[in-house]
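Listed in TrEMBL for this protein:
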- HIS182: active site (ACT_SITE)
- CYS224: active site (ACT_SITE)
- 1-33: compositional bias 'Basic and acidic residues' (COMPBIAS)
- 104-228: domain 'Caspase family p20' (DOMAIN)
- 250-343: domain 'Caspase family p10' (DOMAIN)
- 1-63: region 'Disordered' (REGION)
Amino acid sequence: MEGDTLPDKAEVSKKGNEKGGEGDATDAPKQRLPEPVGGTDAETKLPDEYSEESEEEDTVDAKPDRKGRFILFGFKKNKDGKLRDKDHYRIVSPAFQYKMSHRRVGKCIIINNKNFDEKTGMNVRNGTDRDAGELFKCFKNLGFDVFVYNDQTCAKMERLLKEVSEEDHSDSSCFACILLSHGEEGMIYGTDGAMPIKSMTSLFRGDMCKSLVGKPKLFFIQACRGSEFDDGIQTDSGPPNDTIETDANPRHKIPVEADFLFAYSTVPGYYSWRNPGRGSWFVQALCNVLNEFGKQLEIMQILTRVNYMVATNFESWSEDPRFSEKKQIPCVVSMLTKELYFN
């Protein structure tokens, strides 16, 4: 069993190294600890009035049926135009699922930043190559065209995603982007410094990327969002067998920020943990759930299970008690307007 420490925050003791233990690290900035340097800079393909009583009929705030397409909530009429008998009232609703029958599922971009310029004060993110490899296989299995880009500067990251946003995605059902790096709240690190996450995600807004309007745009972000620790709290509601590891519709006007989903590895203000041998907690859980349920469950059901797995199956360990027994919970922000299934 591997031991967990926090090498990005505190020196790993010689005693721990002699045991061969690999510790959990965080993706927070300004941590200094020499670690083996690896990785390349190569490109690899691997959202009135109130009254006590009323005898008036109930109504709804829905548009009237247009040419019989659908009625959100209402009463169907007979051919003579009269309302059907009460026994024949029915509710007809459109299929609230994203259309996933395009020729391609879509493109998945993985930006895997492991090595950083010395001036940034960032440590090598050991374990991130394991994350990138597992994510590549996982999203490939879901049908995505997956591309991995290693060690990208801020300018390269922005240029890359700008080029992708300007491509024609008409034959794609959705788009996914995965960022693996150090981070702060609202910021992500390139190899040469930090940049706002918004500057990259906004490139795919409805007014910027027309061919993805009405289609799901998914962003998975493995990075710290602050420098707080989650100490956890005892609960009596958990299952008894839990184990703790030590270690589009273009005819309608829609908001430009619609159809985005952001899955962060941690909540605002907190560290995000990564194990140099097994990879980050969030990515381990995400790949585990996607591999088992990716073609069965809806995306929010998938991510709820990811939250549960990270919250219950992982806990940090360090010879320094300040960094031991820490917890983590991912955070999902959804502006999706329909259900998303990858089947």
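Think of each number as a place in line: the chain as shown, counted from 1.
Even glycines carry a Cβ here, placed using N, Cα and C.
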Rounded Cα-Cα span from HIS182 (active site) to CYS224 (active site), Å: 6
For the domain 'Caspase family p20' (104-228), mean pLDDT (0 to 100): 97
Per DSSP, three-state class assigned to HIS182 (active site): coil
Residue counts (helix, strand, coil, in that order) that DSSP gives for the domain 'Caspase family p20' (104-228): 39 helix, 43 strand, 43 coil
HIS182 (active site): tally of other CB atoms within 10 A of its CB: 28
